[in-house]
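Lifted from Swiss-Prot, the feature list:
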type     : residues    : note
SIGNAL   : 1-16        : signal peptide
DISULFID : Cys45-Cys51 : disulfide bond
DISULFID : Cys46-Cys59 : disulfide bond
MOD_RES  : Met58       : methionine sulfoxide
MOD_RES  : Cys59       : cysteine amide
Amino acid sequence: MFTVFLLVVLATTVVSSPSDRASDGRNAAANEKASDVIALALKGCCSNPVCHLEHSNMCGRRR
């Protein structure tokens, strides 16, 4: 539950941070990745060994 809380805080921080035009593409990519991580965490994917392996780039390599 704490992990989900941290992910939500991270996503909120990424979304609400001010940006300039040069970094808009990078921010969009970060927002998308944060959204994917939150979606996986909420689904319990990162705690499921099979799903974790399939999405190790989102869940982290270690288990």
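Cβ coordinates are placed from backbone N, Cα and C, and glycine is handled just like the others.
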* Cβ packing number for the residue listed as 'methionine sulfoxide', 10 Å threshold -> 17
* Of Cys51, Cys59 (the disulfide-bonded residues), the residue whose Cβ has the fewest other Cβ atoms within 10 Å -> Cys51
* Asked: Within 10 Å of the Cβ of Cys46 (disulfide bond), how many other Cβ atoms are there?
  -> 20
